[in-house]
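Per TrEMBL, the features are as follows:
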| type | residues | note |
| --- | --- | --- |
| BINDING | 26-33, 145-148, Gly174, 182-185 | ATP binding site |
| ACT_SITE | His33 | active site, proton donor |
| BINDING | Gln57 | beta-alanine binding site |
| BINDING | Gln57, Gln151 | (R)-pantoate binding site |
Amino acid sequence: MKIIHTIAELRAWRKTVGTVAFVPTMGSLHAGHMSLIHAAKASAEHTVVSIFVNRLQFGQGEDFDRYPRTLENDAALIAEQGGVDVIFAPDEKELYPNVIQQYQVTPPAIAEELCGAFRPGHFRGVATVVTKLFNIVEPDIACFGRKDYQQLFVIQSMVSDLNMNIQILPVDTGRADDGLALSSRNAFLTADQRIEAPRLYHHLSRMKAAIEAGERDYSKLAIQTVTDLRVRGWIDIDYVDTRNAETLKPAASTDKNLVILIAARIGTTRLIDNIEVHL
Ligand SMILES: Nc1ncnc2c1ncn2[C@@H]1O[C@H](COP(=O)(O)OP(=O)(O)OP(=O)(O)O)[C@@H](O)[C@H]1O
Ligand SMILES: CC(C)(CO)[C@@H](O)C(=O)[O-]
Ligand code: BAL
(Lines of atoms letter the chains of each structure in order from A and count residues from 1; the text may use other names and numbers.)
(Lines give C-alpha, C1' and ligand atoms only; values in the text may rest on other atoms or scores of the structure.)
(Ligands and ions follow the chains in the order given, each with its own letter.)
Protein backbone atom coordinates (compact mmCIF):
# COMPACT_ATOMS: atom_id res chain seq x y z
CA MET A 1 0.00 0.00 0.00
CA LYS A 2 1.31 3.44 -0.96
CA ILE A 3 0.68 6.65 0.93
CA ILE A 4 0.65 9.42 -1.66
CA HIS A 5 0.68 13.11 -0.73
CA THR A 6 0.87 14.81 -4.11
CA ILE A 7 -1.55 15.12 -7.02
CA ALA A 8 1.25 14.48 -9.52
CA GLU A 9 2.21 11.17 -7.92
CA LEU A 10 -1.41 10.06 -7.65
CA ARG A 11 -1.99 10.86 -11.33
CA ALA A 12 1.16 8.99 -12.35
CA TRP A 13 -0.03 5.93 -10.43
CA ARG A 14 -3.57 6.22 -11.84
CA LYS A 15 -2.24 6.03 -15.41
CA THR A 16 -0.76 2.60 -14.72
CA VAL A 17 -3.86 0.83 -13.38
CA GLY A 18 -7.32 -0.38 -14.49
CA THR A 19 -10.60 0.21 -12.66
CA VAL A 20 -10.53 2.15 -9.40
CA ALA A 21 -13.03 2.37 -6.54
CA PHE A 22 -12.62 5.44 -4.37
CA VAL A 23 -13.52 6.13 -0.73
CA PRO A 24 -13.25 9.81 0.24
CA THR A 25 -12.91 10.38 4.00
CA MET A 26 -11.75 12.92 6.54
CA GLY A 27 -9.81 10.20 8.39
CA SER A 28 -10.07 9.12 12.01
CA LEU A 29 -11.27 5.86 10.57
CA HIS A 30 -13.72 3.51 12.26
CA ALA A 31 -15.68 0.39 11.36
CA GLY A 32 -18.18 2.49 9.34
CA HIS A 33 -15.38 3.58 7.02
CA MET A 34 -14.14 0.01 6.89
CA SER A 35 -17.44 -1.16 5.41
CA LEU A 36 -17.06 1.51 2.70
CA ILE A 37 -13.56 0.22 2.01
CA HIS A 38 -14.86 -3.36 1.94
CA ALA A 39 -17.53 -2.37 -0.62
CA ALA A 40 -14.92 -0.52 -2.68
CA LYS A 41 -12.54 -3.48 -2.76
CA ALA A 42 -15.33 -5.73 -3.99
CA SER A 43 -16.30 -3.43 -6.84
CA ALA A 44 -13.11 -2.58 -8.75
CA GLU A 45 -9.58 -3.83 -9.39
CA HIS A 46 -7.96 -1.13 -7.26
CA THR A 47 -8.98 0.91 -4.23
CA VAL A 48 -8.01 4.44 -3.25
CA VAL A 49 -8.92 5.97 0.13
CA SER A 50 -8.45 9.71 0.55
CA ILE A 51 -7.89 11.34 3.92
CA PHE A 52 -8.31 15.10 3.94
CA VAL A 53 -10.00 17.35 6.50
CA ASN A 54 -11.59 19.86 4.16
CA ARG A 55 -11.62 23.36 5.68
CA LEU A 56 -14.01 24.55 2.94
CA GLN A 57 -16.94 22.53 4.32
CA PHE A 58 -16.56 23.78 7.90
CA GLY A 59 -18.28 26.99 8.99
CA GLN A 60 -16.91 29.65 11.33
CA GLY A 61 -16.87 28.33 14.88
CA GLU A 62 -17.25 24.69 13.81
CA ASP A 63 -14.86 21.94 14.84
CA PHE A 64 -12.29 22.16 12.02
CA ASP A 65 -9.39 22.82 14.39
CA ARG A 66 -10.22 20.06 16.82
CA TYR A 67 -11.32 17.51 14.18
CA PRO A 68 -9.28 14.36 14.94
CA ARG A 69 -6.27 13.85 12.66
CA THR A 70 -4.80 10.39 13.05
CA LEU A 71 -3.06 9.54 9.77
CA GLU A 72 -0.64 7.00 11.27
CA ASN A 73 -3.41 5.04 13.00
CA ASP A 74 -5.60 5.27 9.92
CA ALA A 75 -2.83 3.91 7.70
CA ALA A 76 -2.20 1.05 10.15
CA LEU A 77 -5.92 0.18 10.23
CA ILE A 78 -6.15 0.17 6.44
CA ALA A 79 -2.96 -1.87 6.09
CA GLU A 80 -4.31 -4.38 8.61
CA GLN A 81 -7.51 -4.85 6.61
CA GLY A 82 -5.45 -5.17 3.41
CA GLY A 83 -6.46 -4.74 -0.21
CA VAL A 84 -6.20 -0.94 -0.43
CA ASP A 85 -3.69 0.21 -3.04
CA VAL A 86 -3.35 3.87 -2.17
CA ILE A 87 -4.06 6.28 0.65
CA PHE A 88 -4.20 9.76 -0.85
CA ALA A 89 -3.43 12.25 1.91
CA PRO A 90 -2.71 15.68 0.43
CA ASP A 91 -2.04 18.68 2.65
CA GLU A 92 -4.02 21.91 2.32
CA LYS A 93 -1.42 23.59 0.11
CA GLU A 94 -1.57 20.68 -2.32
CA LEU A 95 -5.35 20.79 -2.71
CA TYR A 96 -5.88 24.53 -2.24
CA PRO A 97 -2.67 26.18 -3.52
CA ASN A 98 -4.45 29.51 -3.97
CA VAL A 99 -5.83 29.43 -0.40
CA ILE A 100 -9.16 30.68 -1.74
CA GLN A 101 -10.82 28.22 -4.10
CA GLN A 102 -12.06 30.51 -6.89
CA TYR A 103 -14.23 27.99 -8.72
CA GLN A 104 -16.68 26.14 -6.54
CA VAL A 105 -19.53 23.72 -7.12
CA THR A 106 -22.81 25.14 -5.80
CA PRO A 107 -25.49 22.51 -5.18
CA PRO A 108 -29.18 23.32 -5.64
CA ALA A 109 -31.43 24.80 -2.93
CA ILE A 110 -32.18 21.45 -1.28
CA ALA A 111 -28.59 21.57 0.03
CA GLU A 112 -29.54 24.63 2.08
CA GLU A 113 -32.19 22.68 3.97
CA LEU A 114 -31.67 20.17 6.81
CA CYS A 115 -27.92 20.20 7.66
CA GLY A 116 -27.37 22.95 5.08
CA ALA A 117 -29.65 25.30 7.03
CA PHE A 118 -27.42 24.93 10.09
CA ARG A 119 -24.11 24.70 8.24
CA PRO A 120 -24.35 27.40 5.53
CA GLY A 121 -22.04 26.62 2.63
CA HIS A 122 -21.28 23.14 3.96
CA PHE A 123 -22.47 21.23 0.91
CA ARG A 124 -20.78 23.69 -1.46
CA GLY A 125 -17.56 22.83 0.35
CA VAL A 126 -18.31 19.11 0.11
CA ALA A 127 -19.34 19.22 -3.57
CA THR A 128 -16.25 21.27 -4.42
CA VAL A 129 -13.71 19.04 -2.70
CA VAL A 130 -15.38 15.86 -3.94
CA THR A 131 -15.27 17.22 -7.51
CA LYS A 132 -11.57 18.05 -7.09
CA LEU A 133 -10.88 14.58 -5.66
CA PHE A 134 -12.86 12.94 -8.48
CA ASN A 135 -10.82 14.91 -11.05
CA ILE A 136 -7.59 13.82 -9.40
CA VAL A 137 -8.38 10.15 -8.69
CA GLU A 138 -10.60 9.58 -11.76
CA PRO A 139 -12.41 6.68 -10.12
CA ASP A 140 -14.89 4.37 -11.83
CA ILE A 141 -16.83 3.95 -8.60
CA ALA A 142 -17.01 6.06 -5.42
CA CYS A 143 -18.47 4.88 -2.10
CA PHE A 144 -20.43 7.12 0.29
CA GLY A 145 -22.14 6.22 3.55
CA ARG A 146 -25.90 6.44 4.07
CA LYS A 147 -25.18 7.89 7.52
CA ASP A 148 -24.56 11.22 5.76
CA TYR A 149 -27.81 10.88 3.81
CA GLN A 150 -28.04 14.46 2.55
CA GLN A 151 -24.39 14.38 1.51
CA LEU A 152 -25.01 11.17 -0.45
CA PHE A 153 -28.02 12.86 -2.09
CA VAL A 154 -25.98 15.94 -3.03
CA ILE A 155 -23.19 13.82 -4.51
CA GLN A 156 -25.57 11.56 -6.44
CA SER A 157 -27.41 14.52 -7.94
CA MET A 158 -24.15 16.34 -8.71
CA VAL A 159 -22.73 13.33 -10.56
CA SER A 160 -25.96 12.96 -12.52
CA ASP A 161 -26.43 16.68 -13.28
CA LEU A 162 -22.82 17.30 -14.29
CA ASN A 163 -22.52 14.01 -16.24
CA MET A 164 -19.60 12.77 -14.18
CA ASN A 165 -18.74 9.29 -15.40
CA ILE A 166 -18.63 7.76 -11.91
CA GLN A 167 -20.92 5.22 -10.30
CA ILE A 168 -21.88 6.19 -6.75
CA LEU A 169 -22.16 3.21 -4.42
CA PRO A 170 -24.16 3.92 -1.23
CA VAL A 171 -23.17 1.92 1.85
CA ASP A 172 -25.44 1.19 4.83
CA THR A 173 -24.82 2.89 8.16
CA GLY A 174 -22.52 0.98 10.50
CA ARG A 175 -23.75 1.11 14.10
CA ALA A 176 -22.47 0.22 17.54
CA ASP A 177 -24.36 -2.59 19.33
CA ASP A 178 -26.55 -0.04 21.11
CA GLY A 179 -27.58 1.55 17.79
CA LEU A 180 -25.37 4.66 17.78
CA ALA A 181 -24.21 5.43 14.25
CA LEU A 182 -20.43 5.16 14.10
CA SER A 183 -18.86 8.56 13.53
CA SER A 184 -15.44 10.12 13.96
CA ARG A 185 -17.07 12.75 16.15
CA ASN A 186 -18.16 10.09 18.69
CA ALA A 187 -14.57 10.36 19.94
CA PHE A 188 -15.55 13.72 21.48
CA LEU A 189 -18.29 12.19 23.69
CA THR A 190 -17.79 11.83 27.44
CA ALA A 191 -18.72 8.46 28.99
CA ASP A 192 -22.15 9.80 30.05
CA GLN A 193 -22.81 11.37 26.66
CA ARG A 194 -21.85 8.11 24.96
CA ILE A 195 -24.53 6.31 27.01
CA GLU A 196 -27.14 8.92 26.06
CA ALA A 197 -26.20 9.30 22.36
CA PRO A 198 -28.00 6.15 21.03
CA ARG A 199 -31.28 7.83 22.01
CA LEU A 200 -31.24 9.50 18.59
CA TYR A 201 -31.44 6.13 16.87
CA HIS A 202 -34.03 4.84 19.35
CA HIS A 203 -36.27 7.80 18.47
CA LEU A 204 -35.75 7.27 14.74
CA SER A 205 -36.71 3.61 15.18
CA ARG A 206 -39.79 4.59 17.19
CA MET A 207 -40.90 7.08 14.54
CA LYS A 208 -40.34 4.49 11.83
CA ALA A 209 -42.47 1.94 13.72
CA ALA A 210 -45.26 4.53 14.14
CA ILE A 211 -45.24 5.32 10.39
CA GLU A 212 -45.25 1.62 9.54
CA ALA A 213 -48.26 1.28 11.84
CA GLY A 214 -50.12 3.91 9.81
CA GLU A 215 -49.24 7.29 11.40
CA ARG A 216 -48.96 10.03 8.76
CA ASP A 217 -48.73 13.09 11.00
CA TYR A 218 -44.97 13.45 10.62
CA SER A 219 -44.86 16.80 12.46
CA LYS A 220 -46.56 15.27 15.49
CA LEU A 221 -43.95 12.49 15.58
CA ALA A 222 -41.13 15.02 15.27
CA ILE A 223 -42.56 17.16 18.08
CA GLN A 224 -42.81 14.08 20.32
CA THR A 225 -39.15 13.29 19.67
CA VAL A 226 -37.98 16.86 20.25
CA THR A 227 -40.03 17.10 23.46
CA ASP A 228 -38.65 13.85 24.82
CA LEU A 229 -35.06 14.76 23.93
CA ARG A 230 -35.46 18.22 25.54
CA VAL A 231 -36.76 16.64 28.76
CA ARG A 232 -33.63 14.49 28.78
CA GLY A 233 -31.42 17.54 28.49
CA TRP A 234 -30.83 17.71 24.73
CA ILE A 235 -31.25 21.46 24.30
CA ASP A 236 -29.63 21.92 20.93
CA ILE A 237 -31.74 20.02 18.38
CA ASP A 238 -31.22 21.27 14.82
CA TYR A 239 -33.99 19.27 13.16
CA VAL A 240 -36.11 16.14 13.17
CA ASP A 241 -37.65 15.82 9.74
CA THR A 242 -39.39 13.24 7.57
CA ARG A 243 -38.58 13.58 3.89
CA ASN A 244 -39.18 11.78 0.62
CA ALA A 245 -36.22 9.39 0.40
CA GLU A 246 -35.69 10.01 -3.33
CA THR A 247 -36.13 13.78 -3.59
CA LEU A 248 -35.44 14.87 0.01
CA LYS A 249 -38.53 17.12 -0.29
CA PRO A 250 -40.88 17.23 2.71
CA ALA A 251 -42.73 13.92 2.85
CA ALA A 252 -46.30 13.70 1.60
CA SER A 253 -48.75 11.36 3.29
CA THR A 254 -48.90 9.27 0.09
CA ASP A 255 -45.11 8.82 -0.22
CA LYS A 256 -43.94 5.23 0.02
CA ASN A 257 -40.21 5.79 0.43
CA LEU A 258 -39.31 8.02 3.32
CA VAL A 259 -36.28 8.98 5.32
CA ILE A 260 -36.40 10.42 8.83
CA LEU A 261 -33.39 12.61 9.53
CA ILE A 262 -32.15 14.02 12.80
CA ALA A 263 -29.32 16.32 13.90
CA ALA A 264 -28.69 17.35 17.48
CA ARG A 265 -25.90 18.43 19.74
CA ILE A 266 -24.92 16.51 22.82
CA GLY A 267 -22.67 18.83 24.77
CA THR A 268 -20.58 20.43 22.04
CA THR A 269 -20.70 17.47 19.68
CA ARG A 270 -23.10 17.56 16.76
CA LEU A 271 -24.45 14.15 15.79
CA ILE A 272 -26.54 13.22 12.77
CA ASP A 273 -28.46 10.08 11.93
CA ASN A 274 -31.33 8.89 9.76
CA ILE A 275 -33.51 5.89 9.08
CA GLU A 276 -35.27 4.90 5.89
CA VAL A 277 -38.90 3.77 5.84
CA HIS A 278 -40.14 1.82 2.84
CA LEU A 279 -43.89 1.24 2.96
N1 LIG B 1 -21.31 4.75 10.49
C2 LIG B 1 -21.09 4.86 9.19
N3 LIG B 1 -21.61 3.96 8.34
C4 LIG B 1 -21.42 4.07 7.00
N5 LIG B 1 -20.70 5.05 6.43
C6 LIG B 1 -20.16 5.97 7.25
C7 LIG B 1 -20.32 5.93 8.66
N8 LIG B 1 -19.66 6.97 9.20
C9 LIG B 1 -19.12 7.64 8.18
N10 LIG B 1 -19.41 7.04 7.01
C11 LIG B 1 -19.06 7.50 5.66
O12 LIG B 1 -17.67 7.63 5.56
C13 LIG B 1 -17.36 8.66 4.62
C14 LIG B 1 -16.39 9.58 5.26
O15 LIG B 1 -17.02 10.22 6.36
P16 LIG B 1 -16.23 11.02 7.46
O17 LIG B 1 -14.78 10.83 7.28
O18 LIG B 1 -16.79 12.39 7.58
O19 LIG B 1 -16.58 10.19 8.76
P20 LIG B 1 -17.64 10.43 9.85
O21 LIG B 1 -17.49 9.38 10.84
O22 LIG B 1 -18.95 10.66 9.17
O23 LIG B 1 -17.15 11.73 10.52
P24 LIG B 1 -17.98 12.89 11.10
O25 LIG B 1 -17.89 12.70 12.54
O26 LIG B 1 -17.21 14.01 10.51
O27 LIG B 1 -19.38 12.87 10.57
C28 LIG B 1 -18.69 9.33 4.27
O29 LIG B 1 -19.15 8.79 3.04
C30 LIG B 1 -19.58 8.88 5.40
O31 LIG B 1 -20.95 8.84 5.04
C1 LIG C 1 -17.00 13.37 1.48
C2 LIG C 1 -16.00 14.07 2.39
C3 LIG C 1 -14.74 13.25 2.50
C4 LIG C 1 -15.62 15.40 1.70
O5 LIG C 1 -14.71 16.11 2.47
C6 LIG C 1 -16.61 14.39 3.76
O7 LIG C 1 -17.69 15.22 3.67
C8 LIG C 1 -16.93 13.14 4.54
O9 LIG C 1 -16.00 12.61 5.12
O10 LIG C 1 -18.10 12.71 4.57
N1 BAL D 1 -19.27 13.40 7.49
C2 BAL D 1 -19.58 14.70 6.94
C3 BAL D 1 -18.46 15.62 7.08
C4 BAL D 1 -18.73 16.79 7.96
O5 BAL D 1 -19.49 16.66 8.94
O6 BAL D 1 -18.18 17.86 7.73
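Glycine is treated like the rest: Cβ placed from N, Cα and C.
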Cβ under 6 Å from ligand 3: qualifying binding-site residues of Gly32, Gln57, Arg146, Ser184: Gln57
Chain-internal residues, separated by at least six, CB under 8 A from Gln151 ((R)-pantoate binding site): Cys115, Phe123, Val126, Phe144
Proximal residue to Gln57 (beta-alanine binding site) among recorded positions Met26, Leu29, Gly32, His33, Arg146 (C-alpha distance): Met26
Distance-selected binding-site residues near ligand 1 (C-beta under 6 Å), from Gln57, Gly174, Ser184: Gly174, Ser184
Recorded positions: His33, Arg146 - member with fewest neighbouring CB atoms within 10 Å: Arg146
Among Met26, Leu29, Gly174, Ser184, the binding-site residues whose C-beta sits under 6 Å from ligand 2: Met26
Residue pair Met26 (ATP binding site), the residue listed as 'active site, proton donor' - Cα distance, angstrom, rounded: 10
